[in-house]
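The next block holds one structure in the form of structure tokens; read it before the comments.
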Amino acid sequence: MGLHDKLRKFKRTSPSNGIEMQRRRSSQNIVVPPGQVNEQSLQVWRALPPQIRHDPSMVSFQMENERLRGTSLPTEDGSNGKESSPEDERSFSGSDFLHIKARGHHDNDRKSTDDEGHSDLEPHYQLNPTLQCMDKVEAKEKMRKKRHRIKMTKRVCLMIFWLFSAVVFMVFEEKHLLEKTLEVPAEKGKNFLLRNKPTGDFKLDVAGHFNESIYNSNETENILTIQPQLSYFNHKTNHTEFKDILDPWFIPLVNEDMLDYSPVVLRNITFKVSPEDVDEIGNQDVQMRLNMSTNIETDIAIKLTYNPLIINVKTGTLLAALILLLFYALLIWEVFERTFVAIVCSTLSIAVLACFNDRPNMEEIVKYMDMELLTLLFCMMILVGILTETGVFDYIAVMAYEFSQGKVWPMIYSLCLMTCFVSSFLDNMTTVILMTPVAIRLCEVMSLDPVPVLLGIIVHANIGGSLTPIGDPISIIICSNHFIASNGVTFMKFVAHTIPGVILAVLQSCIYLRLVFRKIESLRLNEPKDIKDLRREIRVWHKAAKSISSFSKDADVVRETLLKKVRILKNSLKRKLNGLDTSEAYVHTLEDLKIKYPIKNKTLLAQACCALVFIIICFFIQSVPEWRTLPLGWVALLGIIALLIILNREDMEHLMHRIEWTTLLFFAAMFVMMECVERLGLFAWIGEITEHAILCVEKKNRLAMAIFIILWMSALASAVLDSIPVTAMMVKVVVSLVAKESLGLPLEPLVWALAFGPCLGGNGTLYGASANVLSAGIAEQHGYKISFTRYLKIVFPMMLGQIAIITGYLFFSHILFEWH
């Protein structure tokens, strides 16, 4: 075969040629044979608008009309050789068809339906334009007054809040907890007098050489006993003596030969004081102390922190719930900017604590902010800002466009799966920082609305975080617990039990997104002009077909011809919407994008990638408990400092402008609010409800109930509260349940339920997980706002479906087959 023959064959098989041939065949399929055209069908044809009559699909009618009447075919400018007959003008003058903008028509034919729409105005306004103008002015004045009233209401409410907070902070001082380092003698024991007697429940934090892997004192012989005691006057001896009140606290100790080598472990307990004991303790002549003793022959040192919890549990839980309701109400209705809402609610929560003489000091508030996490986010934002200057995100977006061949759903699925995979090894917040700019740029290239795509990325980042022990702060909290780690929950076992659930959740989310956005136009940001014209053309032909009544066989011939044309146009629209139009358009767009978005600075990209690789490698190293020496925030900070030293940049101020300070401030304020909510007793109340619900069922059904309660309780709580403190609270619940031998609950199924619950439950609302807030902040910087209500309406049902699927998976594997 010669070169000429090869080129000719290639030309015949080229995509554009094939599509053109397909269009010609489609046109020929709807052409009516000339033998079926008669005078009656021609009369129906002549009643159609000129744009319809002169279409190539109606060529049989045109040729028969020319043969019978001698009317010439349309010229290049779209007009007939002869002027339209009065009959044609009458047939078209009363129609209100939409007109196709093509091949230039007469001025009368260019009139659009928008111009005709003015005839629909009411006669009152047509005859009285002055009244119409007065009504508009009056409506604007009413709207202005309404906005003014809303603005003044906001100001008044904020001033009331400010006055309340200012008075409370001036009246009530900071609460300073009593901390004491004590030595407990082996034989005599130690008595510690509580000069500030509790007026309700009180909490003890004790740090010492305690056994990390044992929570139940029955499993060891070495224990430290702490017994609250109350004084009373013994009339027989005429001396003041002490009696035991409340239940003693037994803390397992390490062996005596390990006291000098074992690490210091922190344990805490909240003593529940009944109303009768509160009345007795409140007596002025009564003293209260803690009696501490051991059963070993060696003196031990402990650090004791005494915290009298003045707030009643029921009162504190109710106030915490009200604060959260206010927080979410202000966010849902977007009364204020979300960062300001978080600041207001966090200040309000501190003021509520101060009203009960439990105001935290500034040092505690700084601890609440989780500086390690904020440092990690700060450093990753700097790294992303530097990577943005290289153009790598635009380049990756072009590569993703090429990989998906310009098709919408393959592109969305590839982004979601990539996010899920990366999030399983990187922190999910780091993942969304890297993936969100890529998704936004790619959506802009494909004229898509980035918000639905970002929702998919957020969801899959949280799903992927549950796959490995290092993929999410939630998994890190679970696997770093000493009790869980010492009972056989290894890295590989964690992955083996979570990967089936992750696969099921990914499949469910992909199917759900496809069903919710089944109409491709709902994903479009701005519909292209050719698609809008095609929609208008479909309306023209469809309306022309509907205008023909089926009163004869001849009319049906014309009507069927028009309907065939409508079907062909709809198929063409479907191909365009699915990105399956001409291959030529895709190739030209891809070539233009590659020229427009190359890598701008390869040297800078190489330097930034080296820093990123260093940070990722250190993340993996720090995930191994034996090698853990630095928090993740410090690792990211070291990588950024090294990068800035290599770059030797002098425009630090420009780089600081790229950091999303409002997002960091929102996180800090929300962390403070969540810690105050926990201090008010809401998390403890959730833990008690969970434990009581499990204990209410029979022993044979307790594992199923425990899996169900832990999974659903942690998921729903994480949707409303931040998932990190929820996980920290639920870990204690799981450990306490497993430590009770009478319950007979295995550890592993409860760990997998807890691994899935907060990760997937964090998808429930926009503020359920830190990655959600971070992605929304980046999108808002690019000009795309993810509203709370839109997120809730789309993602919350998806989250419920995922939790239901995981429930079935855990029941199937651990109740039916007892995989554990």
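Cβ atoms here come from the backbone N, Cα and C positions, even for glycine.
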Where TrEMBL places transmembrane segment among the ranges 373-396, 661-684: 373-396
Long-range Cβ neighbours of the transmembrane segment (794-817) (under 8 Å; 6 or more residues past either end): 452, 455, 458-459, 463, 497, 500-501, 504-505, 508-509, 512-513, 516, 703-704, 707-708, 711-712, 715, 719, 748-749, 752-753, 756-757, 760-761, 763-765
Best-contacting stretch, by C-beta pairs under 8 Å, relative to the transmembrane segment (408-426) and drawn from 152-172, 373-396, 494-517, 630-647, 703-721: 494-517
Interface present between the transmembrane segment (703-721) and the transmembrane segment (340-357) (three or more C-beta pairs under 8 A): no
Average pLDDT across the domain 'Citrate transporter-like' (328-757), rounded to a whole number: 84
